[in-house]
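Asker: Please read through the structure below; I'll follow up with questions.
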Amino acid sequence: MPKSSKQKKSIKTEKKVKMLFQGSKGMHDILPSEQPWWDKLRKVSQEVANFYNFSRIDTPILEPVEIFERGTGMTTDIVEKEMFTLRTKGGDRLALRPENTPGIVRAYLEHGLSHLPQPLKLYYFGPFFRYQQPQFGRYRQFNQIGFEILGGEDDPIYDAQIILISFRLIEELKIKNPVVQLNSLGCKNCRSIYRRKLQDYYRKLPAKICKDCRRRLLVNPLRLLDCKNENCEKAKAGAPTMLDYLCPACRNYFREVLEYLDELNLPYNLNSYLVRGLDYYNRTVFEIFSEGQSIALAGGGRYDYLGEMLGARKSSLSAIGCALGAEAIIEVMKAQGIPGLAKTKAKIFLIQIGKPAKKRSVSLIEKFYRVGIKVVEALGKESLKSQLKIADKEGVEMALILGQREVFEESIIIRDMKSGAQETVPLSKVVEEVKRRLR
Ligand code: AMP
């Protein structure tokens with residue numbers, strides 16, 4: 001049908017409005033059709049957290065920039081390139097949190113949580129922000145589920161527990177064949193020897209490494225191992241590995257972590273290139289992948305030095321944690337045909353015809369609410385036919401029909417949607433009658 005000039009004009013304006021109000025780059029809406037997967041992830045995360053006795057913690061989305069500069073590290077991509085920062089009118093420098101570990105440790109120290117029974121087991125689920133080039137599975141706003149164990153003894157059992165809980169969550173979601181990649185980054189002492197060995201190796205190497213890595217070689221040589229540049233990937237083959245330089249204490253510690261994983265029957269591969277890129281990690285670091293996926297579903301590690309870096313009075317706060325990427329998990333669930341959480345389907349549809357019936361409908365629905373029976377309706381519609389059509393689409397078992405006559409007689413019709421059989425019952429008895437029929 002040809003459009004009138006007025007219609008054309010309004011379409012033009014609409015297009016213009018759409019262009020003006022597109023969501024910002026790399027930020028995505030989670031529409032109602034996506035929610036069943038999110039509901040499932042939230043539900044299973046909470047169940048797993050409850051079982052392993054992790055308490056929920058929510059920290060602010062905005063944190064002082066300094067906790068990431070000091071904690072995550074000035075030479076990391078996250079701090080160097082990826083933080084969304086702002087200055088408040090009062091002059092404070094804040095960042096939209098790019099990750100949660102420094103925020104959790106800040107909260108732990110600020111609220112004196114070391115006075116609670118230790119270790120403290122915490123979990124969270126929330127949004128994070130990184131200014132990255134959007135690409136498959138990478139957003140500028142994304143969500144993570146995290147588990148942290150802070151305080152208490154420096155015990156490899158907690159490393160195994162954190163790996164177990166991330167693995168269990170992925171497995172509970174029925175994601176196929178998750179595998180843990182594992183490495184140890186040692187402690188301050190053995191790592192500094194390893195850093196020098198790594199610098200020696202790269203300095204003698206004739207192959208060219210990228211510009212970023214030439215700088216990293218001076219300030220953070222471990223980062224050369226996770227650079228994705230083609231030349232740097234080639235250059236790392238033959239690089240010395242951390243596991244060969246672990247001091248006896250770190251080697252024993254790592255061996256014990258592996259023994260616990262063996263006891264738990266968790267599948268893992270040692271990966272000497274896994275460095276996780278952040279300054280605060282020591283000893284165990286890990287990532288979890290699903291078969292055939294290049295994006296990690298989870299990543300974590302031990303961070304015993306972070307408390308000190310953020311000003312803890314005690315020299316070391318034993319801690320280990322992990323973060324699972326919600327978007328990555330949901331993308332894999334969908335790719336593997338794993339359904340989201342089914343919404344509880346309503347069994348009852350209320351049809352109203354005429355003003356007085358519409359008025360009675362609102363209080364009638366509340367009566368069903370009080371006994372926990374879900375009732376769907378189309379209160380804006382008027383005709384019986386159109387409402388029956390919607391009831392049919394909803395797939396309900398029964399339709400309740402309230403017309404002018406029924407309101408006058410204080411009655412209501414119950415229609416069995418399968419057989420079409422109808423029965424009139426007193427309005428005062430309808431909740432009881434529906435309850436009986438649903439049994
Ligand atoms: P990280 O905090 O970088 O160790 O990331 C932990 C997990 O969060 C990763 O394994 C990813 O699944 C997810 N993740 C990290 N960055 C992003 C991003 N920009 N967009 C979506 N998911 C992300």
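Don't overthink the numbers, they just go from 1 along the chain as shown.
Note: Cβ is positioned from N, Cα and C throughout, glycine not excepted.
For reference, TrEMBL lists these features for the protein:
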DOMAIN    41-356  domain 'Aminoacyl-transfer RNA synthetases class-II family profile'
BINDING   Glu99, Asn100, Thr101, Arg130, Gln144, Glu148, Arg276, Tyr280, Tyr281  L-histidine binding site
Asker: Restricting to the record's L-histidine-binding residues (Glu99, Asn100, Thr101, Arg130, Gln144, Glu148, Arg276, Tyr280, Tyr281), give me the longest CA-CA distance in Å as a whole number.
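Answerer: Result: 21 Å between the two most distant Cα atoms.
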Asker: Might you list, by sequence position, any residue in that chain lying six or more from Arg276 (L-histidine binding site) with a Cβ less than 8 Å away from its Cβ?
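Answerer: Those within reach of Arg276 (L-histidine binding site), by Cβ under 8 Å and sequence separation of 6 or more, are Leu185, Asp226, Val285, Glu287, Gly299, Gly301.
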Asker: Secondary structure at Gln144 (L-histidine binding site) (DSSP, helix/strand/coil)?
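Answerer: Gln144 (L-histidine binding site) sits in a strand per DSSP.
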Asker: Least buried of the binding-site residues Thr101, Gln144, going by other Cβ atoms within 10 Å?
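Answerer: Across Thr101, Gln144, these binding-site residues, the one with fewest Cβ atoms within 10 Å is Gln144.
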Asker: With every protein chain in view, how many other Cβ atoms are within 10 Å of the Cβ of Glu99 (L-histidine binding site)?
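Answerer: For Glu99 (L-histidine binding site), the count of other Cβ atoms within 10 Å is 21.
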Asker: Would you count the other C-beta atoms found within 10 angstroms of the C-beta of Tyr281 (L-histidine binding site) for me?
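Answerer: Its Cβ shell of radius 10 Å holds 25 other Cβ atoms.
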